[in-house]
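Colleague: Okay, here's the structure, questions in a sec.
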Amino acid sequence: MRNENIKSFVKIKLLYARVLMWSILSFERIWIRLLPFFLVLSLFCSLSWLGIFGILGYWLHLLLLGIMLFLAAGSLFFLIHFRFPTTREVNQRLEQANGLKNQPLSVQTDRLCLENDEDFSAFVWREHQRRMAEQLYSLKTGFIYPNSATCDPLALRALCALLFVCAFSFSFGSLGGHLADAFDLRPLVDETSIRIDAWVTPPAYTGVAPLYLTQGEATQFAVPEGSNVVVRVVNGAGVTVKANSEEDAQEILFSKKNEKIALNDPIVQFETRLERSMNLEVSSRHKKQQWHLQMIKDQVPTIRWLEKPGRILTGSLELQYELDDDYGVTKAFVEIKPFCNQRKGASSLYKAPEIKLLLPRGGKGKMRMVQDVSAHPWAGSEVKITLVAEDGAGQKGRSKTFVMTLPQRVFSNPVARAVSELRRLLALDALAQERVLDMLSALLVRPEDGLKNITHFLALQSAWTRLSMAETEDDLRNVVDYLWQIALGIEDNQLESVQKNLKQAQAALRDALRYGAPDTEIERLMADLRQAMDDYIHALAEKAQDKSKSSNHNLSRSNLSEDSLEKKLDLIEEMAKTGSSVAAEQLLAEIEQTLDHLQVQKGNQGSKQNQSQSAQMKEKMDKLGDLMRRQQEILNETHQLEMEQRRGENVPEKQKKSLQKRQSELQSELSTLEKELLEQGFEPSDAFKKAEEKMNSAEDALEHGNNQKSIQNQSDALESLRQGAQNVLEKMREILKESGDSQNATRDPKDPLGRSLSSKPDQEGQEGIALPQESDQMHARRILEEIRKRLSKEHILEEEKNYLERLLHFH
């Protein structure tokens, strides 16, 4: 048992010694054959680190590189004769290293030719193996002997090693080279003549000045999104420009055919757009510059309502909003969409009104504007209104959406009001042609009740003929326009024409201020506006005198006198000349609102009590008008329901229930309105009671399916509502006439809205906005003239020049 353990231990010891010796022999053989390659490689590295490749011309560089590559490849041919050591060679080397005699290693693996365990010779052979194995307990492999002298008798390897270490230390200096220089085949140029300029130009809408990357030692820059990154290389053949994304290290391509290396052109320019943070690198054969450009993301603009969209009695839309953006909003507009169509598949003949919003200075802040939409075919319809702001990058922000009835012109003549409503119905639905024809026919049945002018009757008859012959949408649009002209002619032809000219003059001046028209054009448009205002004011005065001889409509008593108007027009012109176009546009909007206020409140001189009473009256009349409009809609839908049933069409029960419910709600709201009028001292007439009864009868008829009776009751209810509204309106006029206005204007000069015309902080207007006086504008203009005069001088300090230029740019 003990002999077997000794034999196993010897086998393990022997196996370990043989494997180790096999590795030593293999390394000694391959080292001799790889030594020439290592010598060539060390020489190549030494030449690169010493900068030899960087100072050679193109052809010498290419030649030296070719020689080094050839020598390296040729030195590898010595590996052809390499072979791994055999077991016999390993045994011999072990026996030699340990001084063993009689080949004890070979004996362990040798066998007798005729082996027989019972034979005496076999017994002797095993005893011989045991005795030889005793010599293997302390086998040693020895050390590696590379024998480099046989391959390098001159000891050049020592010189190459010394040169390698020295060159490696030299490479860390300013003149040291790099291993990559050997493969850099760009032409050798005088780097003192190379000029590299790198800068970033932010988008114009940001107002950020360009950043020059090569001007200082800074390498970290924060740059707005969308900036233009430019690298210009002069006399820099072989200069490489690279840009990599900071997020994923992806290479960013340049606009110059996606090239990265400047060729032999005298001037080469690389450009790219900054859409993400990047690392920019510009390198020549011996220099390298790097910059990190951190992108500042452009935020989406925001716009919000300060107040819900309102209406002015003249049919103008009042908008109060606030804009905000990191670089300022460049464009804002109103998006208007129909809230619901009158019928499924309705096709509007006109697009929604296009309203461009006024922008505050700097593209951010609070604003208020008034837009006249009374003449648009959609006026009087329920719409969804949303404010949209857009910045210079094209990003859009949206406000909360409100549902409202688009303001419309208020017609006092019932026939004009009916024609305007027919125009709206036809404009919103091209398929309502037959329905509008029926309604026009109804207007023409008894012309003596509402048409006192034969011209109006003939115009309506012509409109009916045109509409009946219309075949295309263009024909229908012509009829819509014609109906509007008829409504205006019935209401007040002369005043409407003058008001239209005034609106056109205001719009022309507003566009000129917004888009920076020259001074001569501003002067011409101001003259047109003055003439239009004079005509409008005189037309209002004539109309007021015709209606009431006893009322006092002298404009000189109100806050809006002709002298004050002239002063404000001069102030607008002065603002436009001094470059304050935004302030001029705001003042023009104030005058527009005042003129609208003057049209409705003829001769009212601003008593707070009267204004409050007028507002309450207006609210009640608006509610009454809304009730009449909704009753007309129910009547129209009931008539449509009756026509569908006559044609044998299947009418959903849900539609009938909806009409019945709406009629009941309308009756309830009328009852509530009567109570409110009674609380304010207006005794409701019997017409409202009759209207309630007719509404109740119409609801019962709808419940029992008697559409004909329901239509008759709804028509009677609508007529009673009109009579009641006329009675309430007459009582309101009597109250306003009796209350009058006995207070004079305040001593301080006022603007058209009754605010103090002063730039002092303690004399701000009602809305906290101080309007500049004429002297302020003249003073500002004198300052600008003095700045320009100073800049025109030849001898001026650079610091003073920069300061004056900034002042001029600010103004």
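Cβ coordinates come from backbone N, Cα and C, glycine included.
A TrEMBL annotation is a machine prediction, not a hand-curated record.
According to TrEMBL, the transmembrane segment annotation covers 30-52, 58-80, 154-175. Annotated coiled coil per TrEMBL: 488-515, in sequence order. Per TrEMBL, region 'Disordered' is recorded for 543-563, 601-621, 639-668, 736-777. The compositional bias 'Low complexity' annotation in TrEMBL covers 551-561, 601-614. The compositional bias 'Basic and acidic residues' annotation in TrEMBL covers 639-656.
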Colleague: Residue list, the transmembrane segment (30-52) vs rest of chain: Cβ under 8 Å, 6 or more residues beyond ends.
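Modeller: Residues 64, 68, 71-72, 75-76, 78-79, 81-82, 146-148, 150-152, 156-157, 160-161, 163-164, 166-168, 170-171, 175-179, 181-182 contact the transmembrane segment (30-52) from elsewhere in the chain.
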Colleague: For the transmembrane segment (58-80), find every same-chain residue at least 6 residues outside the stretch whose CB is under 8 Å from a CB in it, and list them.
Modeller: 30, 32-34, 36-37, 39-41, 43-44, 47, 52, 182-183, 185, 187-188
Colleague: Just to confirm my parser: what is the rounded mean pLDDT across the coiled coil (488-515)?
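Modeller: Per the prediction, mean pLDDT sits at 73 for the coiled coil (488-515).
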Colleague: Helix, strand, coil: count each for the residues of the compositional bias 'Basic and acidic residues' (639-656), based on DSSP.
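Modeller: Result for the compositional bias 'Basic and acidic residues' (639-656), in helix, strand, coil order: 12 helix, 0 strand, 6 coil.
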